[in-house]
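Just below is one structure, and these are the notes that go with it.
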Amino acid sequence: MAALLRRLLQRGRPLAASGRRVGRREARLGTGPGVAVRVRFAPSPTGFLHLGGLRTALYNYIFAKKYQGSFILRLEDTDQTRFVPGAAENIENMLEWAGIPPDESPRRGGPAGPYQQSQRLELYAQATEALLKTGAAYPCFCSPQRLELLKKEALRNHQMPRYDNRCRNMSQEQVAQKLAKDPKPAIRFRLEQAAPAFEDLVYGWNRHDVASVEGDPVIMKSDGFPTYHLACVVDDHHMGISHVLRGSEWLISTAKHLLLYQALGWHPPHFAHLPLLLNRDGSKLSKRQGDIFLEHFAAEGFLPDSLLDIITNCGSGFAENQMGRTLPELITQFNLTRVTCHSALLDLEKLPEFNRLHLQRLVNNESQRCQLVEKLQALVEEAFGSQLQNRDVLNPIYMERILLLRQGHICRLQDLVSPVYSYLWTRPSVGRAQLDAISEEVDVIAKRVLGLLERSGMSLTQDMLSGELKKLSEGLEGTKHSNVMKLLRVALSGQQALSSMFKVQG
């Protein structure tokens, strides 16, 4: 970069010229015939994927699929100081787990790669060179100490911190002298023009006079890495992004991005800024909340469809909110023009109910049920292992029957290996004192039950069993039918309360 600056000085190019302005384009949905819809999800690998990121990725995915477009994953990893090992792999893994895999990504590749910004530095250098040549950018030699003093002084005066543009109007001689001492200056973008108004597809018409409230922003750091503002503009242009769907926190930055597009002579994409996903109490989702990461939900047995369902149910973009929507239904029903400016409040206490609906749907699908049986077998092995007195409980037919009987009653597959359902897999340990506390006629009742089973055998139906059980307490002083049923429940399951005694016995 220093060599380029010296060449510009030698050629006598003006460092104070302004960038070229392109015509304002009417903002519209832009999904008509012949339009190649290309959207991107561009997280920073500074942490693992969480629900807020999943929602942004999902809206991009369903928008792309609704219009037969492409969904791109781009990792914005230019801030090397905040890089978290394993985060890049986790983001792509979790998108695939959620059922919304990218069409192009660091792992999958594609025609617009590479898909990690740290591997695209040459493109940013070329854009910076173009901006320096037209005078739309200039070198900044201010030290971190000076910038920190500016910030503290502004805060002391109750003002918004901003750069004072000190290096903007340096002469060629001054720049040459500075370069001799500091060959790696930062590069700032000159905010001289009024930012154009633009029509956001969610928030409507916007105009932000960024130059009146901010100093000239850094677009290239002294280490040769770009800042977000330059990198996202360069990447969206070279990757052919048609629509930028991102969080509303970036709405105010769009003015800078449009000025960069103008200075580089490029047409901007359509912008749609999505309202934030907040906690139920209105607070922001935070990476400090350990339970908002997708890995947590996957480990806890929540289904991807239930997460996609709840994060769209609490927001907007659909004609109505309803529970139980699948991904194909989300794609069909999604309408970007229905996304409102209101933040979405996420109530995770409702997630078990969403998961119950989606789990029940899978149980009722034969092929999906077979996959659930395999997962349940692994869960039972892991939970009970050597405690299994009879490995016949791992028989797929038995497990399939359990799933069909308990569908609608369980919220997660893991519920079936909780202590409440342990009787399905192991014999309960019940002491004689526990049985005697229910009835003094334990032995008599046991003999009557055995006799009933020997007489009826496999021909015993639920209706027959119900009638026969009512006879078990006949002639037993101090023992009611309720005592008999409680005794059987404890003997069979180790619990005094079960949803259906007859299904357990069956």
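Numbers here mean position along the shown chain, with the first residue as 1.
Even glycines carry a Cβ here, placed using N, Cα and C.
Looking up the ranges 9-13, 24-28, 284-288, 459-463 in Swiss-Prot, the one annotated as motif ''KMSKS' region' turns out to be 284-288. Cross-referencing 45-53, 144-152, 324-332 with Swiss-Prot places the feature motif ''HIGH' region' at 45-53.
L-glutamate is bound by ARG40, PHE41, ALA42, TYR228, HIS229, LEU230, ALA231, CYS232, ARG246 in Swiss-Prot, and the record lists one more residue there from GLU76, GLU199, GLU214, which is GLU76. Largest Cα-to-Cα span within the L-glutamate-binding set ARG40, PHE41, ALA42, GLU76, TYR228, HIS229, LEU230, ALA231, CYS232, ARG246: 17 Å. Using a 10 Å radius centred on the Cβ of ALA42 (L-glutamate binding site) and all shown protein chains, the other Cβ atoms total 24. Its own atom aside, the Cβ of CYS232 (L-glutamate binding site) has 23 Cβ atoms within 10 angstroms in the protein chains shown.
Within the model, the motif ''KMSKS' region' (284-288) shows a mean pLDDT value of 75, rounded to a whole number. The number of other CB atoms found within 10 A of the CB of LYS486 (N6-acetyllysine), across every protein chain shown, is 19. Annotation note: ALA42 (L-glutamate binding site) sits in a coil segment as assigned by DSSP. TYR228 (L-glutamate binding site) is surrounded by 19 other CB atoms, counting those within 10 A of its CB over all protein chains shown.
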